[in-house]
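What follows is a single structure, written as structure tokens, with notes after it.
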Amino acid sequence: MTQYTTQMDAARKGIVTPQIKTVAEKEHMPVEKMMQLVAEGKVAICANKHHICLNPEGVGSMLRTKINVNLGVSRDCKDYDIEMQKVMKAVDLGAEAIMDLSSHGNTQPFRQKLTHECPAMIGTVPVYDSVIHYQRDLSELTAHDFIDVIRLHAEDGVDFVTLHCGITRKTIEQIKKHKRKMNIVSRGGSLVFAWMSMTGEENPFYEYFDEILDICEEHDVTISLGDACRPGCLADATDVCQIEELVRLGELTKRAWEHNVQVMVEGPGHVPLDQVAANMKVQQTICMGAPFYVLGPLVTDIAPGYDHITAAIGGAVAAMNGAAFLCYVTPAEHLALPNVDDVKQGIIASKIAAHAADIAKGIPHARDIDDKMADARRVLDWDAQFACALDPETAKAIRDDRLPEDDHSDTCSMCGKFCAVRSMNKALAGEHIDIL
Ligand code: SF4
């Protein structure tokens, strides 16, 4: 007989689960401390009981920053084999979570394949799946149809579900009154808004929150409280709609914790750089330190094709100021479904942001790899440099494509014989330096 329901329940009872033990080891943290953070809700270990092959990770602002990769088929790109290739690439490149956002066809086999084969945390947005699952118009779905899809995903082994619980009928009035430039840009948020508008009913994810908590407690599914009103442009950042929803997410966080259900809170969106730190502080206060999961934030609206960079700039500042989990953004953001190369670019950009923040936050051992890289650079050991690189393949390909022409193959074609590193090594060793 299991002595606990969720990781949070176990931690509160003083039970060290294998997942808590593994996460404590990965984070170089005493297991008692990790248990306390899980018990308080400051660390979420998203680990559905049915996801047997999971390599567990903790999400919390005092831990290494984690990254999520969004994948899944759509009506226009429906090849599940290509999506599986992206999953494997994402895991290879160090993504700790995969969100399956599939919105076409029979989604269950792919979801089950993920929870049976993928060691990363798996997340979904059940409201997307509701329309496809029932093959009925949105307005014909009942509140309990949505809840039943959450149950299905929980039984399939999904570790966390994004639920847009914080948008209510009051939000409909606010959106009309405050006249945002971009209204609602959250896909799930817009579906819930549309359903409420068409049926005249309250948000089912808000109204039946207690029922949802029972499901999540039974299977240990972490709720990622979706931010339906996340700003979709700089002009809408930190406005009444966003903050009012955040306050409700804080109340729901407390209710979930009372049921021993783990919570993450989702955040903006498009935010000017000078507002990013303040957004993180406000969330931490209102949501009592629950892990903050941010999309970007994108710090300018004018870089389609390069939004992985826009998001990495915002993501680094966000993580340095308390965000725990970064949702990757690819160069295809705002333009198309990402292909395999877009996925890679998005992951690398997010990893750079997360790693830069971890160094700034003083996460134990975060900088070790940078120090190793510096040592390899000082002795011009190229293989050792590639071994430290986030993307060794690209680093090696660039060097090999443009090797120095002369015999100074220990340098690179950037400075050739003028190589500062080589000159200094020779000067300090008392050797002659041949430039010409
Ligand atoms: S040639 Fe220039 S860029 Fe290349 S290793 Fe030497 S100092 Fe660095």
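Each Cβ is built from the backbone N, Cα and C atoms, and glycine gets one as well.
Because TrEMBL annotations are produced automatically, they should be read as predictions rather than curated entries.
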Please state which member of His50, His51, His144, His164 TrEMBL lists alongside Asn70, Met99, Tyr128, Ser186, Arg187, Gly188, Asp227, Ala228, Cys229, Arg230, Glu266, Tyr293 for binding substrate.
His164
Between the Cα atoms of Tyr293 (substrate binding site) and Cys415 ([4Fe-4S] cluster binding site), what distance do you get, rounded to the nearest Å?
42
Binding-site residues near ligand 1 among Asn70, Ala228, His270, Cys412, Cys419 (Cβ under 6 Å):
Cys412, Cys419
Inter-residue C-alpha distance, Ala228 (substrate binding site) and Cys412 ([4Fe-4S] cluster binding site) (nearest angstrom):
49
If you draw a 10 Å sphere on the Cβ of Arg230 (substrate binding site), how many other Cβ atoms land inside?
27
If you measure from the Cα of Tyr128 (substrate binding site), which of the binding-site residues His270, Cys412, Cys415, Cys419 is the nearest?
His270
Which number gives the other C-beta atoms within 10 angstroms of the C-beta of His270 (Zn(2+) binding site), all protein chains shown included?
26
